[in-house]
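Trainee: Okay, here's the structure, questions in a sec.
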Amino acid sequence: MASPPAHRSSKAADEELPKASSTFHPSLWGSFFLTYQPPTAPQRANMEERAEVLRERVRKVLKGSTTDQLPETVNLILTLQRLGLGYYYENEIDKLLHQIYSNSDYNEKDLNLVSQRFYLLRKNGYDVPSDVFLSFKTEEGGFACAAADTRSLLSLYNAAHLRKHGEEVLDEAISSTRLRLQDLLGRLLPESPFAKEVSSSLRTPLFRRVGILEARNYIPIYEKEATRNEAVLELAKLNFNLQQLDFCEELKHCSAWWNEMIAKSKLTFVRDRIVEEYFWMNGACYDPPYSLSRIILTKITGLITIIDDMFDTHGTTEDCMKFAEAFGRWDESAIHLLPEYMKDFYILMLETFQSFEDALGPEKSYRVLYLKQAMERLVELYSKEIKWRDDDYVPTMSEHLQVSAETIATIALTCSAYAGMGDMSITKETFEWALSFPQFNYKNFWFICTALQRCRIDQA
């Protein structure tokens, strides 16, 4: 939650319009996505047909790859994943990864190959020991890498960021290579593809990047590589454009839902950030099968934004407590508990959750029940923070961490993502695990988010 609201109690005369006000700037997007017009059906069909031809052509290349040509095979898999194409070849890639992991017969003196192999395997869940880099250490504490071998230096830097606690060799690799890359960047042509790669890695290491953005940024870099595969390049461009069409359709739907929500509920004080929220959620699940997850995530984030603004900047304490009481009932009959300005929103919220059940169908609609439980927990903790404020209570560090780790809505967003996934491996046990608030998962996530936010504030 943000700063404390201005009022702690409600009066009958002010029931319909609380005194607190907001200062949020309006949306930068206006009706841009509402007026989006997709290509015609024949145009879309032609794009899909060409993409399928290219997918099979690339599949043949992938199936022809072996560990006998390890550098080429590792580079191909890395390229496909960076270009956002890995989803289409999961089975082929998994088979090759197992072979790469099992095959210890490769040039262990090739720093670029060792780094790329390490990065690829660790990124895909294989427990590769970091001592493969020990042989490259120098007596001075750096890493043996020829001045001209800049590619190996960059590969080592990205690989080292997949470190685990206590892996000193990777800690040292990051410190050493960062300094050398920073020095190197000043001597490269700013517009060269490699300079852009170095700059991007120094800003955000490869494995931390949002996949769909990485695909967009890497396409023009890959296009200039002498060893590029033309089928891979064409497919990457076409696939990205097809995904953009889907994203625009989803944003059009979410924008229409949001505009209707705000117009009917008359909650003009809330932040209008539906486009930014979709962009945020898209980063979590951008692959083609997860359209419903993206939509549910975006709508839930929109609802959380409204509730957060009610509790933080607009509603009185009494109003918020009434809302919290009505929230857990999930029934229209509870609107008599609410102040007038909350009633329409409450009904529209119920309709939104019903639309989730309708979209999921009879076999998966049970997932919405768990999503409701996650939202109930979130509102309960928002109320707890308000009580702390009104009572001038200073929580202990332990109490603060426990509550704030949940009020960033990780549980609600996790359940939202799971709810929209068609994969039948998502079961009731999956949701029960998420709702159990696994400490290693959410608390670490909260700590990382908070630390990164503090770093950005310090840098500003």
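From the backbone N, Cα and C atoms, a Cβ is placed for every residue, glycine too.
Feature annotation from Swiss-Prot assigns motif 'DDXXD motif' to 308-312. The substrate binding site annotation in Swiss-Prot covers ASP308, ASP312. Swiss-Prot lists ASP308, ASP312 with the feature Mg(2+) 2 binding site, giving similarity to another entry as the kind of evidence. The Mg(2+) 1 binding site annotation in Swiss-Prot covers ASP308, ASP312, and the record cites similarity to another entry as its basis.
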Trainee: On the three-state reduction of DSSP, what should I expect for ASP308 (substrate binding site)?
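Mentor: DSSP call for ASP308 (substrate binding site): helix.
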Trainee: Count the Cβ atoms, other than its own, that fall within 10 Å of the Cβ of ASP308 (substrate binding site), considering every protein chain shown.
Mentor: 19
Trainee: Report, as a single number, how many Cβ atoms besides its own are within 10 Å of the Cβ of ASP312 (substrate binding site).
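Mentor: Cβ-Cβ neighbours of ASP312 (substrate binding site) within 10 Å number 19.
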